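Asker: I'd like to ask you about the structure that follows.
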Amino acid sequence: MGVVQICKGQYFWLEPKNAFENFQEPDIGLIALAFLQGSFAYGGWNFLNYVTEELVDPYKNLPRAIFISIPLVTFVYVFANVAYVTAMSPQELLASNAVAVTFGEKLLGVMAWIMPISVALSTFGGVNGSLFTSSRLFFAGAREGHLPSVLAMIHVKRCTPIPALLFTCISTLLMLVTSDMYTLINYVGFINYFFYGVTIAGQIVLRWKKPDIPRPIKVNLLFPIIYLLFWAFLLVFSLWSEPVVCGTGLAIMLTGVPVYFLGVYWQHKPRCFNKFIELLTLVSQKMCMVVYPKVEEDSGTEELNEDVEQWRQPIYQPAAPKDKAAEEP
């Protein structure tokens with residue numbers, strides 16, 4: 001439809017003199033906020049990293065999938081926006097709550113209903129991918145002992161992390177208490193990019209402190225450094241432009257600190273607390289029909305087996321008494 005519009009001569013807002021005309025005062029904070037909101041559309045680049053354990057030949061297929069998907073998604077989004085501006089002005093784009101729907105109403109006539117259905121299908125596809133990958137974060141965190149051990153369990157037949165999926169669903173519903181979608185995108189975008197930057201910085205630190213550890217997928221340090229510079233610009237000016245929204249996002253993130261001290265750092269918990277968590281775990285196992293993943297004896301090293309045994313230790317396990325602990329070798 002965009003090509004047809006251009007062939008009809010409807011490309012007024014694509015001409016450079018009109019495309020780069022300022023219709024409001026330039027502001028560096030708004031530019032950073034625009035990048036933050038626009039980057040939400042490209043947020044899927046990191047999701048595949050969460051499921052590397054389930055990929056076939058991940059060291060080859062993971063980079064290949066990223067190299068193929070990022071240019072493809074960029075092509076689709078850029079040319080979709082080119083099509084939008086053939087039918088709408090920048091002011092109309094900003095005023096519309098659903099740009100694709102408005103675009104369809106202007107050009108499709110009686111067939112405009114196709115666009116809302118297409119958007120809904122696309123949304124369900126995005127949610128399906130997000131649920132599939134994001135639940136693995138809770139699954140891995142539980143294996144490391146940072147979350148209740150029931151989240152590290154899988155279904156006895158389907159081998160899917162049912163508790164982690166349900167936990168993802170509940171946390172997602174809690175995010176929907178706000179009705180302003182742009183505010184929610186700013187919340188999620190700011191928190192996501194904050195953690196992306198911390199993760200990339202950790203990669204640089206590990207490359208410096210532990211240069212000899214195995215790295216099946218290795219990139220030049222120039223790329224994470226460039227990313228960190230862009231990351232700093234994005235977060236600093238977004239915080240300056242929307243201090244309340246970004247500050248709220250930081251506050252949401254900091255709610256994990258007391259949870260960490262309560263669930264992980266605090267080792268000597270009361271017996272009643274441990275009993276409650278143990279009962280909750282048992283009930284969850286029966287309701288979801290989940291158990292710890294089975295590890296084949298010949299599939300890992302001794303270090304892996306030790307890690308698995310550590311995963312199976314719940315975070316509520318009470319510490320051994322001092323006299324018994326002293327007798328143990």
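Even glycines carry a Cβ here, placed using N, Cα and C.
The following feature annotations were taken from TrEMBL:
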TRANSMEM  28-45  transmembrane segment
TRANSMEM  66-87  transmembrane segment
TRANSMEM  107-127  transmembrane segment
TRANSMEM  159-178  transmembrane segment
TRANSMEM  184-208  transmembrane segment
TRANSMEM  220-241  transmembrane segment
TRANSMEM  247-266  transmembrane segment
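Could you give the neighbours, burial and distances for every feature on this list?
Answerer: Long-range contacts of the transmembrane segment (66-87) within the same chain: residues 1-3, 5-6, 10-11, 13-14, 19, 41-42, 44-45, 48, 93, 99-100, 103, 106-107, each at least 6 residues beyond the stretch ends and with a Cβ under 8 Å from a Cβ of the stretch.
For the transmembrane segment (107-127), the residues of the chain that approach it from at least six positions outside its boundaries are 1, 5, 44, 87, 98, 100-101, judged by C-beta separation under 8 angstroms.
Among residues of the same chain six or more beyond the transmembrane segment (159-178), those with a C-beta under 8 A of the stretch's C-beta atoms are 131, 134-136, 138-139, 142, 150-153, 184, 187-188, 284, 288-290, 293.
If one looks beyond the transmembrane segment (184-208) by at least 6 residues along the same chain, the residues whose Cβ comes under 8 Å of a Cβ in the stretch are 33, 36-37, 39-40, 43, 46, 175-176, 178, 221, 224-225, 227-228, 231-232, 234-235, 238-239, 242, 245-246, 248-250, 252-253.
Same-chain residues lying 6+ beyond the ends of the transmembrane segment (247-266) with a Cβ under 8 Å from its Cβ atoms: 145-148, 186-188, 190-191, 194, 239, 315.
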Asker: Mind checking which residues of the chain, 6+ beyond the ends of the transmembrane segment (28-45), have their Cβ under 8 Å from one of its Cβ atoms?
Answerer: 66, 69-70, 73-74, 77, 126, 129, 182, 185-186, 188-190, 192-193, 233-234, 236-238, 240-242
